[in-house]
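Q: Let me begin by handing over the structure; questions about it come next.
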Amino acid sequence: MLTATPLPHQLLATFLLVLASATQPAVPASTDRAALLAFRASLSPPSRAALSSWSGPLSPSWLGVSLHPATAPAPSVTTPSVAELSLRGLNLTGVIPAAPLALLRRLRTLDLSANALSGELPCSLPRSLLALDLSRNALSGAVPTCLPSSLPALRTLNLSANFLRLPLSPRLSFPARLAALDLSRNAISGAVPPRIVADPDNSALLLLDLSHNRFSGEIPAGIAAVRSLQGLFLADNQLSGDIPPGIGNLTYLQVLDLSNNRLSGSVPAGLAGCFQLLYLQLGGNQLSGALRPELDALASLKVLDLSNNKISGEIPLPLAGCRSLEVVDLSGNEISGELSSAVAKWLSLKFLSLAGNQLSGHLPDWMFSFPLLQWLDLSSNKFVGFIPDGGFNVSEVLNGGGGQGTPSESVLPPQLFVSASVDTVSWQLDLGYDVQATTGIDLSGNELCGEIPEGLVDMKGLEYLNLSCNYLAGQIPAGLGGMGRLHTLDFSHNGLSGEVPPGIAAMTVLEVLNLSYNSLSGPLPTTKFPGALAGNPGICSGKGCSENARTPEGKMEGSNHRGWLGGWHGENGWVSLGAFCISTMTSFYVSLATLLCSSNARNFVFRPVRVEY
């Protein structure tokens, strides 16, 4: 499952505030100056040193201080009052000095994020606040019920990445004016409050992020009543039960992330009502049933992640209507049948993973013909027949059209930017899907046979290629050495024969090579990977290479941990990619694969699937 980047996996929320001036009467600047000096005095000595510029008359030269412009000349007001206080990332320590802050009666924005402030959340903050950001500190305890009532004008509240642990009170309810609420990356337990917004019918809430906590119980139906929502993040909790069908009433919703919970039932057909949805992530749950054909109404959908569930059945043809899809991850399910021609209509695809399902049949001719394709993973299925030798020249990135070193920005995994504004508040989300920038193809752990197509090794932009644990036969194409960007190559556990192409020695960026357990012969073209050819009895090394020479069995070099689809176990550990990859292949299966994939059987075995656009 692919997860959202955590940031690394997962998600970053940044609030960009453009706030109108408050209309409250001016307060003498001397009061604000005294309040700021009292605030500084309440901090630890090292923290005070960070605010050494706070001396002399109150002015914009004070670090982190923005002032209201003077409205009219008056002898009693020599300088404006404080409008914004932004002390982000100054390593401030201690408890938030709320009493001095409460004296800043025209303060609109308070940003104390990315410090080391501790203690509990205060309630005695300026009632004039429109934006409060206390994220990335060491605050503990609970979100007090007095906080919303003490800040009636608040539009954005960010308390993410703290140590808040106590359950939210069922009476906790925020005012309808609130536009963005981020409580993510804490350890808050208990149930989600049934009415997190006091007046959902008149709510201005755009963003609700409760992800990466310990919330349990069902998703409250009241969330579906907040019709203004554009981003709903409940991922990485312990939520259970069905997905509320009422979520389909959120017609403004652009991002829905319920991944990594314990949700059950089926994917509700009502989600088709979220016709503006760009990002749908339901992976890592216990969802079952078939894919809903009604989802074809999501014509704007760019990211669809239903990985690691129990979804069964075939990929329905109506999903061809989702023509904007760029990232599709259906891996780790129980999807069966042949590849649907609906997939062929997703011409904007950059990432496609159907790994770890029960898909069968032949790989269609159009499988490699997506013009923007960057990553294709069909591993650990039941595909049979030959790898189609066509369509390899279509994808710009896989053919090296993105420049040297890394693919061009236009074909990297999508960075979705969702923005919205209500009156004077705007916010922006950087939803970088957690897809590695590597370009690659993984067909391991299937029942593919025949020879490796020449067109496949002509894809100069490939950085990762895994065809292991199949029944491939014939020689390794000589053009393999021309794949100058390839850093991982695995052809192990097949029936390949002949000599290893000498061009492998010129592949300077190659880090992982596994050609073990085939029927390869001849000399070693390189000594960089001494264990990569284990289980090939015909391989020999050195100038005295003879027919009976053997290379010592070893382990694959240059490996790193790769996760559930196959483990690189240590730097010199054994390699086995694909959940169903067998550790050895007996001579019986090698012979059987060679027979089935012989040139005489080719026309009988291979029946290509053709799709007309």
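Note: Cβ is positioned from N, Cα and C throughout, glycine not excepted.
Per Swiss-Prot, the features are:
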- 29-573: topological domain 'Extracellular' (TOPO_DOM)
- 104-128: repeat 'LRR 2' (REPEAT)
- 130-150: repeat 'LRR 3' (REPEAT)
- 178-199: repeat 'LRR 5' (REPEAT)
- 202-226: repeat 'LRR 6' (REPEAT)
- 227-250: repeat 'LRR 7' (REPEAT)
- 251-274: repeat 'LRR 8' (REPEAT)
- 276-297: repeat 'LRR 9' (REPEAT)
- 324-346: repeat 'LRR 11' (REPEAT)
- 347-370: repeat 'LRR 12' (REPEAT)
- 460-483: repeat 'LRR 15' (REPEAT)
- 484-507: repeat 'LRR 16' (REPEAT)
- 508-531: repeat 'LRR 17' (REPEAT)
- 574-597: transmembrane segment (TRANSMEM)
- 598-613: topological domain 'Cytoplasmic' (TOPO_DOM)
Q: What average pLDDT does the predicted model assign to the repeat 'LRR 17' (508-531)?
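A: Reported value for the repeat 'LRR 17' (508-531) is a mean pLDDT of 90.
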Q: Could you give the residue numbers and ranges of same-chain residues that sit at least 6 residues beyond the repeat 'LRR 9' (276-297) on either side and whose C-beta is under 8 angstroms from one of its C-beta atoms?
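A: Here the qualifying positions are 1-4, 235, 243, 251-269, 303-322, 329, 335, 416, 418, 431.
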Q: For the repeat 'LRR 6' (202-226), find every same-chain residue at least 6 residues outside the stretch whose CB is under 8 Å from a CB in it, and list them.
A: 6, 10-11, 13, 155, 160, 174, 176-196, 232-244, 246-247, 249-250, 257-258, 263, 420, 422-423, 427, 429
Q: Taking helix as H, G and I and strand as E and B in DSSP, count the residues of the repeat 'LRR 6' (202-226) in helix, strand and coil.
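A: For the repeat 'LRR 6' (202-226), the helix, strand and coil counts are 6 helix, 8 strand, 11 coil.
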Q: With helix taken as DSSP H, G or I, strand as E or B and everything else coil, how many residues of the repeat 'LRR 16' (484-507) land in each class?
A: 5 helix, 8 strand, 11 coil
Q: DSSP says what for the repeat 'LRR 12' (347-370): how many helix, strand, coil residues?
A: 4 helix, 8 strand, 12 coil
